[in-house]
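Here is the structure we will look at, set down as structure tokens.
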Amino acid sequence: MTSDHITPSDVVSAPADGSPTVTQPHLKRVLTLPSLVLFGIVYMVPLTVFSTYGIVTQETGGRLPLAYLVTLVVMSFTAWSYGAMSREYPVAGSAYAYATNTFGGNVGFASGWSLLMDYMFLPMINYLIIGIYLHAEFEAIPAWVFVLVSIALVTVLNVVGITSVDRVSKLIVLVQSVFIVVFVVMSVKTIAGGPAPNVMAPFTGDHGGIAPILAGSAVLCLSFLGFDAVSTLSEEAKHPKRDVPRAIVLTTLAAGIIFIGLSYLAHLDFPSHKFADPDSGALDVMTAAGGNFLANFFTAAAIAGALGSALTSQASVSRILYSMGRDNVLPRKVFGMLSPRFLTPVNAVLIVSVVSLLAVVLDLTTLASMISFGALVAFSVVNLAVIKHYIFDSGRRDPMSMVVYGLVPLIGFGLTIWLWTSLSPTALIVGLVWLGVGITYLAVLTRGFRRPPPSMEVDH
């Protein structure tokens, strides 16, 4: 959603002697606050609410909307911290950049390394979703067959290189937006035509206590990934220092309300948390709300979205690995090479594809939890970065600043840690091992932390 509007006055100006002077073209500042918020919502893809619908509804005992509400509260504090840091450091890289500028390169590297795990696993979860829904449609074919075929297809496309990814992505977003409208209309019609529903059931469920809600909320952090994407449009915003922080918070609130609303309607359509297959539980909802038509429409939209997301996420992480290889953060001979024919990072693409084969043996709950681990580490660091930057480094210790830049991010940090400890044991073990490997590797690169750490090009 970039706008390269260049006027003649941007390119040529006439100094006093009359000779034309060529100036550097720049992006025109045209984006208002509503435009930034709309971009953020579209970037987060509201249809993601159905990716984990079955597993989290089952985990929470039918209280998915309540789990989303808890996640939204946590994310609101963290979104505020991202906004506060974006005013000071309006650069790409987000959590990594904030950690590096505030705590130094070592903490920044550890934060970036945890985000790298997110990037490595995002293609994998998309392949798994493709396998789940195609297997539900064609039961005779195992899910792993569809996973392998989709990995092969996306790998070939990323090796060859695609110039129309942006257009395809916009088309997929349009299809998903149309689906959401159709789902809402058909759901309201179905609910209105049936017996009076228990309107509080999506928030009360089977009264299983708070622990399942926290466990579900920890997984649902996955749905909020990308809420800070509007920070990449700072150069095109009319009032970046004012509007970008607001847009980050408003995007989070708007997306959270959409997630709560869609999951609430879904529960009224299918008031149960017992599914034939929790991984594809959303199909039970679609069938209840609109029969085979809506179920088939959802399957098509979900697969198209997962394929597009796999394509872009694999391309992104491959280029991150390539840049790290080029800069000798990772072995240059392996990661820092481009294909002479296609000019794409073939080795990096193939390595991501090999890692993605884990989608054949991992389940959706475990994958979603692993991705949430990396995100929660980054969220924790950003909340602490606000406190250090504003309270300690900038010396803003008046009562108002102590509340705004001290108490608020401290609450955000505490809530994030609360969710972090609610992740599954497997996710915690894998995440901590990954973080330990990164810190060990950093110690080797810096000769026992005696040298400056290398920079990582992590755009998150």
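Just so you know, glycine gets a Cβ as well, placed from its N, Cα and C.
In TrEMBL, the transmembrane segment annotation falls on 208-227 of the listed ranges 108-127, 208-227.
Long-range Cβ contacts of the transmembrane segment (208-227) within its own chain (Cβ-Cβ under 8 Å, at least 6 residues beyond either end) map to 40, 43-44, 48-49, 51-52, 55-56, 59-61, 63-64, 66-68, 70-71, 74-75, 79, 82, 118, 125, 248, 251-252, 255-256, 259, 365, 368-369, 371-372, 375-376, 379, 418-420, 422-424. Between the transmembrane segment (36-56) and the stretches 171-188, 247-266, 293-322, 342-362, 403-421, Cβ pairs under 8 Å are most numerous for 247-266. Long-range contacts of the transmembrane segment (65-83) within the same chain: residues 49, 56, 94-95, 98, 202-203, 205, 213-214, 216-217, 220-221, 223-224, 227-228, 231, 244-246, 248-249, 251-253, 256-257, 259-260, 263-264, 267, 379, 382-383, 385-386, 408-409, 411-412, 415-416, 418-419, each at least 6 residues beyond the stretch ends and with a Cβ under 8 Å from a Cβ of the stretch. Contacts between the transmembrane segment (293-322) and the transmembrane segment (247-266): absent, as fewer than 3 C-beta pairs lie under 8 angstroms at sequence separation of six or more.
Among the stretches 171-188, 247-266, 342-362, 403-421, 427-446, the one making the largest number of Cβ pairs under 8 Å with the transmembrane segment (141-159) is 342-362. Put simply, of 247-266, 342-362, 403-421, 427-446, the stretch with the most CB pairs closer than 8 A to the transmembrane segment (171-188) is 247-266.
Note on the domain 'Amino acid permease/ SLC12A' (37-386): its mean pLDDT in the predicted model is 89.
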